[in-house]
Amino acid sequence: MSFLIDSSIMVTSQILFFGFGWLFFMRQLFKDYEVRQYVVQVIFSVTFAFSCTMFELIIFEILGVLNSSSRYFHWKMNLCVILLILVFMVPFYIGYFIVSNIQLLHKQRLLFSCLLWLTFMYFFWKLGDPFPILSPKHGILSIEQLISRVGVIGVTLMALLSGFGAVNCPYTYMSYFLRNVTDTDILALERRLLQTMDMIISKKKRMAVARRTMFQRGEVQNKPSGLWGMLKSVTASAPGSENLTLIQQEVDALEELSRQLFLETADLYATKERIEYSKTFKGKYFNFLGYFFSIYCVWKIFMATINIVLDRVGKTDPVTRGIEITVNYLGIQFDVKFWSQHISFILVGIIIVSSIRGLLITLTKFFYAISSSKSSNVIVLLLAQIMGMYFVSSVLLIRMSMPPEYRTIITQVLGELQFNFYHRWFDVIFLVSALSSILFLYLAHKQAPEKHMAP
């Protein structure tokens, strides 16, 4: 009876997660597109629902909600379903919609979709060869074979995003990095933009007049054909007429310049708004957060370097370790185990909420940046794939943030994976991503003022 009650709780929560994923799909991702494939919408929503359910089970584990056997059953079932979606269903439909957009392969799209999926499976399976991610006793068809490979991709993605975010967050929030933009700078750039637009209009008028003159003279109808005619039209022009090819090249160059000037003008306006915003109370608050995240970024890079050099992985969760150090330093009586469990629960909850919120914001920006009416289905499926792998990998890494007594069921469900490898791999990719982001933002920040001061 208790199993049925526990299952009804899990099914109800999954329906709610599915509904939230469905609404997010309709109101955020596809609100500007009329053509919707319901299979894509269902796959995205199901992936979101089972991804959130894994985090829900972590919280239930800490709070002791549901029977332990029920939690184990739903852990196992949830993991099997999410792996089935990520390894079999989503890759197949990505291939299917790619082939469907190619007219030559439209009649045999099912065959070519299967070929693309088999190609994916080959490279997906070969991915595990260079990494020490499995225990030797696991068979080729075990669930550990799938989750270990999904974990490598997901942890790599998480580390890349975390490394860039750790650097970009203080760069975005801190007023120290803001360029000093004045109204004079904006007016000067707008004047250059207007001058460029006037030149474009003037040259297009010249082209229109030249074409009308050529038409009146009959040069358009009697234009010679063949290679010699093309060369003559490019290199020569009739007396009193314009060389249209050269003018068109000048117009193209000016239009490209106008686009760049427009983007630079918009960037200056955005920077000026940030300067005004930084003077408000909320702006000062985020500026303080920027300094905090700067310290966190330096500490994280330092710890990642130490972990890589010393080849170490923490055995104690950060909360318990931090409380132990503080208590020993102050020499006070304190129930470390009791409070570490409660603080760990709050920390894990914050990590989960931040992960879901941050990923959804990133997915929305990414979708609007690269999607079109034809590619949108493929992009949504790719986002679903990334989302599922991201959340599975989060479970692998969040395990270390939990006290040892709560890690047991995750270890049992995920199998005898080489958890230490994933933490070391995360440190390596995080360090590379953070240092690359620092270099990129440094160069961008250094070149930006020079670009705006250019004549």
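Glycine is no exception: its Cβ is also placed from the backbone N, Cα and C atoms.
Taken from Swiss-Prot, the feature transmembrane segment covers 5-25, 46-66, 79-99, 114-134, 150-170, 290-310, 343-363, 378-398, 425-445. Annotation comment: Swiss-Prot describes ASN180, ASN243 as N-linked glycosylation site, evidence class sequence analysis.
Sequence-distant neighbours of ASN180 (N-linked glycosylation site) (same chain, 6+ residues apart, CB-CB distance under 8 A): ILE275. As a quick check, the transmembrane segment (150-170) and the transmembrane segment (425-445) clear the bar of 3 or more Cβ pairs under 8 A, pairs 6 or more apart, so the two touch.
Among the listed stretches 114-134, 378-398, 425-445, the one sharing the most Cβ pairs under 8 Å with the transmembrane segment (79-99) is 378-398. The Cβ of ASN243 (N-linked glycosylation site) has 15 neighbouring Cβ atoms from other residues within 10 Å, across all protein chains displayed.
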